[in-house]
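Working notes, structure below.
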Amino acid sequence: MKLAKLTTGILASLALLGSQTAAAKVVRVEMSVVEKQVVVDNAGTKNKMWTYGGTIPGPVVRVTQGDTVDFSLLNEKGNKQSHSMDFHAAIVDVLDEFQGVRPGRKKDFKFEAKYPGVFIYHCGADAMSEHISRGMYGVIIVDPKEGYSDAFPKPDREYVIVEGDLFEDDATPSERTNNDKWKGALINGKQFHYDPVHDQNASMVLESKPGERVRIFFVNAKINESSAFHPIAGIWDKVWDNGNPKNVRYGMQTINVAPAHGVIADLISPEGRSSNNALVDHQMKSALNGAITVLMNKPDADPKKGRNGNLVL
Ligand SMILES: [Cu+2]
């Protein structure tokens, strides 16, 4: 999903703040809340979901450390619920900026993205467990102001993967809170979204060329359970906890990602041969109910996938 494509309900535009702060920008981000039926698997099954902009996850917001996000949330007329926006990249007042917005109303607030990393955003309206597990979450990437370096190299490909919950449509807020009526794990909004091995209806996989550095921006949007993020047949070359270049770990097998947390994880496939990885939540309950993503490393990899802002397939 390209930032430039955010025109359906969402508009992101950039404006220079002034010559004094040439690097820092004001980034305008608008989102609408849409309550609708959303397809949650590759077979076309629909569930009653609540969304930012009509998709699960919502649009990827990408700014640079030091930028100011100038944000508007429109809760569309005709929606039944109040909704809100909680950017984990913001340092503000929970009783002010993150307050709920009633249907037909709009709320604006600004914040400076002070820390680099990969952060979740989500709805915090009551009951939060229902709003998040019906799909109200997304990712904001804050690129470090220093840019790339030997310690934080530029990747060849970038993909965003968000793991979320799927509950029975009629699960109540308290059932969701207790993880009752849990049905499966969503990867970017669908069970087995990129896994034709476990789901014959799946039509997409992530791709790279042999030897490329593939960077995964991973966020766990499940409401109760951690994710055990592991690249089957590979080792994470480097992992940056919270996506901050200062928090580096080397040669990791499985990364524990708490609910509402994110990591950047880099994978480098063998050079000179084709190979495949399965990026899984190694908790079997999650993996076998939807949280498996196939990454194919092959010489004829699609040149567009994971490049030029194509972060979400
Ligand atoms: Cu909400």
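Cβ from N, Cα, C; glycine included.
Automatic prediction, not curation, is the source of TrEMBL annotations.
Positions annotated as signal peptide by TrEMBL: 1-24. What TrEMBL records for 37-146 is domain 'Plastocyanin-like'. Summarising the annotation, TrEMBL assigns Cu cation binding site to H83, H88, H122, C123, H131, M136, H282.
Structure coloured by features recorded in TrEMBL.
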residue : record                 : Cβ within 10 Å
H83     : Cu cation binding site : 28
H88     : Cu cation binding site : 18
H122    : Cu cation binding site : 25
C123    : Cu cation binding site : 28
H131    : Cu cation binding site : 26
M136    : Cu cation binding site : 30
H282    : Cu cation binding site : 16
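DSSP labels the residues of the domain 'Plastocyanin-like' (37-146) in these numbers: 6 helix, 48 strand, 56 coil. Residues distinguished by a CB atom under 6 angstroms from ligand 1 are absent from the binding-site residues H88, H122, H282.
Confidence across the domain 'Plastocyanin-like' (37-146), taken as the mean pLDDT and rounded to a whole number, stands at 98.
Secondary structure at H282 (Cu cation binding site), as computed by DSSP, is coil.
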